[in-house]
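S.K.: My questions will all concern the structure given below.
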């Protein structure tokens, strides 16, 4: 027994060892790394938000770019790839340390200080870079250009300190070369920041060859009295404390060096700083000139510069650039093309520094020649002794010029007299271009082909391209590009070395922009009309490009550079009817090149035909009949089609013209037919419009002119009273006489939507009459109703009605309840007031005699008993002038009747004609009343003052005396806007009130009995008191009231300068005169939306405000700070504080709270702290001192808080029970859940009894188990003895099986790869593919069809769904909706997947928005996963949330193209290889087991004898075609054979397009006459015991090379012999078979499909009897080998398929494969996951690796590998499915980071690929690494890609149906969703709950 056990163990171990042996196979080559594609728009972004960019320099020799930033200097390639980074800071420093601490110790406190780059210059001579910073008083580094190696950093002399100012735009340097003989000099100019004793403002320095030499940066000349520098005198700071000179630009030209400056004015203007009391400093822009060789700076001259355009002065210099003039501009300026010109950008006015200046700006140009001439004139006049030196900042006192006899030429460099010198008169530049909204901030220019081109950057981040042709020709802005999303473009811009690109810089990014983008223009006119001189039209290539890029551009007319050279095309005829075909057309082409290669004529995508070229004339035909487009009625009577000429040389269309196909039959009326611009004729008797007049029935029936059309003529108003029988006679012309068989005329009146047909009589061709009838309309709301009238004949032939004649039905008694209203009606109506009936009616309807009528203009036409119903106002001043409005009945029909007959309180009241409404209203103006008159009623007489014509009011009118008491406030800003409240008495009297502040109105707003409010205007008289007057009608109310205009308030400081997106954080505002504003408001504007919040004034200099929220819903869900576009205050009408230009106010992301737990309830013990988790709890403010005011309530009790960035620690109050937790901060209120505080308690007696009982049961159970174990042991011993007897029989068969497996391993690879051909891959279309992934198993989903609702509800439902669609597109709503659903217990996993898929179908057309929502949900999911203490690796492992399914769907949408172009091919090859390899051996059709398998579960574990046959099959569609040879097995069932035959015949046909095997019969043809139908089961089927075996080919004894055919399934009995010559008494066993009615589907699913016959109890089997049946005989089992012996076949199959698995894995895990680049979606999502990991400080590479694996490979690729039917139109059998599952498991193991320890007990599918998985893992790791190294995808590029994907597939799903499906969840959880929206602050502000309730109302509406 022991011996047999050892033999068994040895045998089993051998098989396992075979599985673990490595395969002898060639290793796949490693894929090459992805090659980076350089796009034209390259961008280099800041590495750290604090390291903003300052300066830029480009090496014109090699194109390398050098970038000066805060704390860094970078060397970049021309394509902006970083090459070297050099650190310059930060370091410990204090700006008051002089000399700096690196020279000697400093007593000032040191802080870590950033180093701002202030100057970056290329020293070409010494191949080094000068980089000067703000640290240590402005020392400079000299860096080697090649590698930024520090050559020197002189810092120990005072000359080495340029300036301690840390503003990057305040210093400028110019290196001047003097040739090889002399060293270069550095001219440097800098602001000094109030420390002139340390730093000269301008100086010239030495540049030594040795970068470490002491003399580096020494002054060129320096002695006791003279030096090469100028300092600002200290006296200047006495006059202007904040004086400084800011240097904007510098350059050298000729013998001079020039600097452009901005400096405060000394005289005349108010001062700045603390002495200014809020006044604004006036600045002047000046140019400074120095001689290059002047060591004493005697040549220093400065001249003011400015620009005036349209009467507006532009004086604040922003940027400048020196360039050559160029031919065209030079001609306009009167200078040479190589002369220097200076471009300068100025902003409007002279107040404020450039950063705070006006948005209005101008680009101007100066000629250096004119500037130098002006300087020379000034020098000459000064040296004649004229005037003063005019340099107030340098010479505080005016110094007169000294006279000297000398000649001053163009190169005069001054003497030690009359120097330095200023020019007082401004040099005016020539304005070229102005901008009022987006301030220009930078400029650069160059000359291209004689054109001068300026490139201007703006504050809004745009680049403007301007062609400058001078004052004669003007300037043209021909293109604008948005380069930077936020922030201005900085002054420094530079061209690439070849001038093809421009480097544009902001604080956060450097971008390389092409100087031209010709390819954006798609037509010649656009191209040459754009104004870009770079661009021309390459004619035959039909593209806009530079000339050098156009092939053969030098040949005549191949390249157009002028718009007149564009190809022009005309065609004759230029229109034809849609019913004309193959008409010859003649095209004339102008400006075409030689066309010897030939042309085609193309009618868009409708037709194409050859053209015959004869010179510039081309002849071609119009489309043939089948190609002519059919014109739809809704599209009008014509369709314009573009007719193109296509060059046969290039294959491109190069010219086009419009061609019209017209369709006369569209016209349904004569006038529209003959009025058509095309050749349309009207057939009068056929009532049709045609292009062929010969088709009309009669010659006289043809109409071509409008005058000949049958038509109704204009008629007077046709009045018809209702319910009165009356004919309607109409004038007409050309009325046709109905012919034989045609019907007569009818009138059709459409009354309230209902047609009423009336017979009509044609008197002649010019008259028709609608016969006697009566008409009626519903309702009494309308006194008359215009009704459409149509005259028709012959049933539906309508007569044209060009005058739109209508019938006016009317009712006398509608809306005419009184006599006056009745008589006021239109006299043509014939209405009378029937006094007896006291109503308005027609005369004939009044049953009383005429004496009892009143009618308009009749003998008796005056209504009696007028009545007054209302009077306003009821009070007024005695002085009169009050307009009294009297409403009533019967108040006369003419103004003359009441003109002098109105009295109010016995005072004449003069009626006003403009206010009189006959019978209804009188407006009259009150006269002056006597003092004795106090009150009275209103009296009106109509015509005469007899009682029956007189009306008196029941209410009295009173005379009152208005009075004034006081006004408040009594002072306000000079700009106005103050709401003034005036108190008094009777101030609501009268009809009109006006308030005057001296001679100016105070705009009236509201009033009551004791108050009036008005808004003050800006004062025209200046500061001081003004008298206040009030007028009520003609009464002037006297009171000595004064209002004082005072100086406008100012804002000087704001603390803190930040808030959160939701606002409502307290801000302290400092300023002046704040107490004069009674309702101050603070405002923010962002993305064109404005929000405001309240402020409270505390003192004249202080107020407290609550920050407004950032008014843009998307910003609330961002995780990056945002700056508002405008931030300021609404202080009455003070404009200067409306938008503060000097604030750096920033908004940080809102704090985000997480739920306390998944259930929302957290269990706590008393005294335990409550921890609220989230993020952004501490805004990342500069200095790190940003704190928010949090309030946390437990129930209604606050708790003490400790705050960190991600946690709020709340010391819970002494409470027990359940309490809601509520957190408040800023404008946010959030409840993270409920805490349940429970105290500990000892075990109850019940619990003790329960525990004791459970213990007793456990002991009893253990005893029972021991007894059972003993009995089982005995049975095992007996079984073991039986096994030993079988071992000897099995041993001999092991060797044979292993030998066969090895042979298959060596021979099958070649056979399989040769069988697979490159047939077309049956990809599913996009819609089917996405539906199978989104909604697996659902074939006809509602989202694929139109919404189906009952007709009566359609309109309401569609309205509701449109509103619902708007809500889904609101991010606040959608996120709240998803979160609410996920929090519901009844919301199942299936529901989550369904909702995610439905949302993605709705958002298919808005993938940018869908991506944003997905990122937000994933971010939430990550936060929740980490906070729930789950292991981070579990993230995205399963699909338990909407976000996870949305992620799958997102990849499904975006990877379709990649599947089709790249990954689909190896996946399809693998599927085919598996299918083919499986079918080479037996497959059990019942169990699905196979001889060849990768899955142990689907392996036939016994020896099956089989033989391969070849059958010749007739093609079912064409029996005459050659027979198809098909390999089958003699052990195949009939259904399996049918499937193999169909596979062979329809090899390249998608599975859904080929016949079903179940619809076909297999016919075995024996000779010409005998045909036997084969079946899986028939009367010959063998049944043994209770087992029935399916028929196989061996059962029917089918031989090799047998002829078979697939024929449609017959309805007669199966398996009958078709042999007319065989005797009916034949003994054939196939005769007289009964019809089989239970035939199964012939393995359409190819899964085990035949189940036991339930009626007979017979079990069906094929090759192996199912192991689940326990009645197998012992002998049957004994005939099998030990099943594990056959595991070697797994290895053989694996070896055969290895190449295909490797190909698939290599394709998926390569960043570039088969010519396809990595899909953007993968890079974008992986970067997002990395960002999230960084955010949560997760640096474990295994976690990051696992996140990415769970995100893409395990979520998308595994699904696709296991289910290739999602991608291809194929069928997947159960054995193929099992094999693919093994491949998928291997794929999953390859993505795992954990080590798999394998042994003999491990699953076979793990052992199978154990040796390959380490290699696959390395592929995955390299793949993730390569992706992380690739350049990040910008949001702009990703959004463009997503928009394109949306556009391509935007109509795949029915949005209405999708919305309807989503709405079903609204219906289920309405209350919960509405509640969540009401609790969400953002949703409340947008009233989303209300909008949802509107949707619910529409959707639930029943009628």
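From the backbone N, Cα and C atoms, a Cβ is placed for every residue, glycine too.
What Swiss-Prot shows for this protein is this:
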- 97-106: disulfide bond (DISULFID)
- 132-140: disulfide bond (DISULFID)
- 291-413: disulfide bond (DISULFID)
- 307-364: disulfide bond (DISULFID)
- 382-401: disulfide bond (DISULFID)
- 518-535: disulfide bond (DISULFID)
- 524-566: disulfide bond (DISULFID)
- 527-544: disulfide bond (DISULFID)
- 538-550: disulfide bond (DISULFID)
- 601-620: disulfide bond (DISULFID)
- 517-567: domain 'PSI 1' (DOMAIN)
- 866-960: domain 'IPT/TIG 1' (DOMAIN)
- 1049-1148: domain 'IPT/TIG 3' (DOMAIN)
- 1151-1246: domain 'IPT/TIG 4' (DOMAIN)
- 1-26: signal peptide (SIGNAL)
S.K.: What does the DSSP secondary structure composition of the domain 'IPT/TIG 1' (866-960) look like, as residue counts for helix, strand and coil?
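M.R.: Per-class counts: 10 helix, 51 strand, 34 coil.
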S.K.: Cα distance, residue 544 (disulfide bond) to residue 538 (disulfide bond), nearest Å?
M.R.: 6
S.K.: In sequence order, which residues at least six apart in the same chain have a CB under 8 Å from the CB of residue 132 (disulfide bond)?
M.R.: 117, 118, 119, 120, 138, 139, 140, 141, 162, 171, 173
S.K.: What kind of secondary structure is residue 518 (disulfide bond) part of, going by DSSP in three states?
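M.R.: In three-state terms, residue 518 (disulfide bond) counts as helix.
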S.K.: When DSSP states are grouped into helix, strand and coil, how many residues of the domain 'IPT/TIG 3' (1049-1148) land in each?
M.R.: 11 helix, 47 strand, 42 coil
S.K.: In DSSP terms, helix, strand or coil for residue 550 (disulfide bond)?
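M.R.: Note: residue 550 (disulfide bond) is coil by DSSP, not helix or strand.
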S.K.: At the Cα level, what's the spacing in Å between residue 307 (disulfide bond) and residue 535 (disulfide bond), rounded?
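M.R.: Rounded to a whole number, the Cα-Cα distance is 32 Å.
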S.K.: Among the disulfide-bonded residues 364, 518, 620, which ones place their C-alpha within 10 angstroms of the C-alpha of residue 527 (disulfide bond)?
M.R.: 518
S.K.: What are the helix, strand and coil residue counts for the domain 'IPT/TIG 4' (1151-1246) according to DSSP?
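M.R.: Residue counts in helix, strand and coil order: 5 helix, 46 strand, 45 coil.
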S.K.: In angstrom units, rounded to an integer, how far apart are the Cα atoms of residue 291 (disulfide bond) and residue 544 (disulfide bond)?
M.R.: 47
S.K.: Give me the long-range Cβ neighbours of residue 535 (disulfide bond): same chain, 6+ apart, Cβ under 8 Å, in sequence order.
M.R.: 516, 518, 521, 527, 528, 544, 545, 546
S.K.: So, three-state DSSP: helix, strand or coil for residue 566 (disulfide bond)?
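M.R.: DSSP call for residue 566 (disulfide bond): coil, neither helix nor strand.
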S.K.: State which of the following disulfide-bonded residues has the fewest other Cβ atoms within 10 Å around its Cβ: 291, 527, 538, 544.
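M.R.: Relative to the other disulfide-bonded residues in 291, 527, 538, 544, 291 has the fewest Cβ atoms within 10 Å.
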S.K.: Under a three-state reduction of DSSP output, how is residue 307 (disulfide bond) classified: helix, strand, or coil?
M.R.: strand
S.K.: If I take the alpha carbons of residue 524 (disulfide bond) and residue 620 (disulfide bond), what is the distance between them in whole Å?
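M.R.: Per the Cα atoms, residue 524 (disulfide bond) and residue 620 (disulfide bond) stand 24 Å apart.
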S.K.: Roughly how many Å lie between the Cα atoms of residue 401 (disulfide bond) and residue 106 (disulfide bond), rounded to a whole value?
M.R.: 46
S.K.: Counting Cβ atoms within 10 Å of each candidate's own Cβ, which of the disulfide-bonded residues 97, 307, 413 comes out highest?
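M.R.: The residue with the most neighbouring Cβ atoms within 10 Å is 307.
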S.K.: Taking the Cβ of each of the disulfide-bonded residues and counting other Cβ atoms inside 10 Å, which one has the highest number: 364, 518, 550?
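M.R.: That would be 364, with the most Cβ atoms nearby.
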S.K.: Where residue 620 (disulfide bond) and residue 106 (disulfide bond) are concerned, what is their Cα separation in Å, rounded?
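M.R.: Between the alpha carbons of residue 620 (disulfide bond) and residue 106 (disulfide bond) there are 92 Å.
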S.K.: Taking just the CA atoms, what is the gap between residue 97 (disulfide bond) and residue 364 (disulfide bond) in Å?
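M.R.: Their Cα atoms are separated by 42 Å.
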S.K.: Just give me the nearest neighbour of residue 413 (disulfide bond) among the disulfide-bonded residues 106, 382, 550, 601, Cα to Cα.
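M.R.: When the Cα distances are compared, 382 comes out closest.
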S.K.: Which one is it: of the disulfide-bonded residues 106, 382, 550, 566, 601, whose Cα lies the shortest distance from the Cα of residue 364 (disulfide bond)?
M.R.: 382
S.K.: Check each residue in the chain of residue 566 (disulfide bond) that is at least six apart in sequence and keep those whose C-beta is under 8 Å from its C-beta; list them in sequence order.
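M.R.: Within the chain, residue 566 (disulfide bond) has Cβ neighbours under 8 Å at 524, 525, 528, 537, 560, 591.
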S.K.: The domain 'PSI 1' (517-567): mean pLDDT?
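M.R.: Per the prediction, mean pLDDT sits at 93 for the domain 'PSI 1' (517-567).
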S.K.: Do me a favour and check the Cα-Cα span between residue 382 (disulfide bond) and residue 550 (disulfide bond); whole Å is fine.
M.R.: 59
